[in-house]
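The next block holds one structure in the form of structure tokens; read it before the comments.
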Amino acid sequence: MKIVAAKQLASKLKRDRRHRKNSLLSSNFSLPSSKMRSKDKIAYFYDGDVGNVYFGPSHPMKPHRLCMTHHLVLSYELHNKMEIYRPHKAYPVELAQFHSADYVEFLNRITPDTQSLFSNEMVKYNLGEDCPVFENLFEFCQIYAGGTIDAARRLNNQLCDIAINWAGGLHHAKKCEASGFCYVNDLVLGILELLKHHARVLYIDIDVHHGDGVEEAFYFTDRVMTVSFHKYGDLFFPGTGDVKDVGEREGKFYAINVPLKDGIDDTSFYRLFKLVITKVVEIYQPGAIVLQCGADSLAGDRLGCFNLSIDGHADCVRLVKSLNLPLLVTGGGGYTKENVARCWTVETGVLLDAELPDEIPENEYIKYFAPDYSLKIPSASMENLNSRSYLNSIKQQVHENLRSIQHSPSVQLQEVPPDFYIPDFDEDEQNPDERVDRHMKDKQIQRDDEYYGGDNDHDHIMDDS
């Protein structure tokens, strides 16, 4: 597997900029042909360090699911069909392109040992139970945000057709505070990068939770259309995302919410997803798409309440890929780790047009896919509370909102600002032993305290004896 340091990309991007004239797309944009490109070029971003952080013994978020996903991708040899990159760690000034400087600075300096000294700031920035302070918190944010930023830049420079960062997709983070296990909103940062080259960006979210942080960031602009399919009602987090929430000012009707009830199944979800997304693309004519693939919408998720199979979830990814637009794909929620790994591996295969055998190959985490060692999981046996009449009413309201958009918004042509990269470094000047050692970290199997027993945890407890 060839791993290319993402910071080396900076020099190439700067050289490329000197040889091209950048301008935003005009509104003269036609819907892409349904004919698939002969072969998409896929960029995949991964840093093993992002999976080594630990939110705490009773916390449902397990970043180690990212290591499990990566090893499953390797076991199916999908890495041979992609370009693999280690993302750069996003600089504080990059994070401050969206987040407030004081919030970024606080994330940078707070530690588990010092948090008791900053009780007022902890409340101000919504840090605590859902969003705990843990070791290497800021580096964790830098890595997953850097991956999404790098993915957007590769797309902007036409160095790939599809860019994947399963570590990204933390859609709840706000400008000045953490929320819902999310500290830095990498999706907003990635979209801001894409807007340097594209007049319009479409954001699609299939996490079971409403993509409130992304919607809020672009609620007053028509440059980004946000479309979120999510559970709504019954005080389900975050409590936003009513179909009537459509954006304001210039952004009115450019926020689309598809609120759903418990138990929605593959057939109902995909039918609605296809109707909404194809109509959105036809009317809005985006230049690029960001797809958040939260896996907590799968059946059996610890925090979810939908009833999607992995195939049903992946069908949505397949549809978006078929639109033949520059595509940035991220992860998101997902709290049954083995199913998250299954889902994002299958969807990596979908993006590569690769059929994967259902029997999971030998890998470092094979025990966690017992007893059947199957890649796919079916839907569960649960009631679908989304009646046909309810889904029809949602579809009708969404279409009425879309009809309010006369045509895709136009953007005045202007020079595209440069990519916000900090000065280059030469990786060849680094100690080669240190480089190899960092790469070997990606092969780390598990952290000692990742798997544990307790009333608050439902992960499998494996017996190595």
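Glycine residues also receive a Cβ, built from the backbone N, Cα and C atoms like all the rest.
Feature annotation from TrEMBL assigns domain 'Histone deacetylase' to 59-349. TrEMBL lists D130, G180, Y335 with the feature substrate binding site. Residues or ranges marked as active site, proton acceptor by TrEMBL: H172. The divalent metal cation binding site annotation in TrEMBL covers D207, H209, D296. What TrEMBL lists as region 'Disordered' is 424-465. What TrEMBL records for 432-465 is compositional bias 'Basic and acidic residues'.
All features noted in TrEMBL, drawn onto the structure.
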residue	record	Cβ contacts under 8 Å, 6 or more apart
D130	substrate binding site	A178, S179, G180, F181
H172	active site, proton acceptor	S179, G180, F181, C182, N185, H209, G211, D212, G213, P238
D207	divalent metal cation binding site	G169, H171, S228, H230, Q292, C293, G294, D296, S297, G332, G333
Y335	substrate binding site	P60, M61, K62, D296, D301, R302, L303, G304
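Taking the mean position of the Cβ atoms of D130, G180, Y335 as the substrate site, the remaining residues of that chain whose Cβ falls within 8 Å of it are P60, M61, H172, F181, C182, F237, L303, G333. The record gives D207, H209, D296 for divalent metal cation. Within 8 Å of the mean position of their Cβ atoms, the other Cβ atoms in that chain belong to V208, H230, G294, S297, L303, G304, G332, G333, G334. Considering only the residues assigned to substrate binding, D130, G180, Y335, the longest pairwise Cα distance works out to 14 Å. G180 (substrate binding site) has a Cβ environment of 20 other Cβ atoms inside 10 Å.
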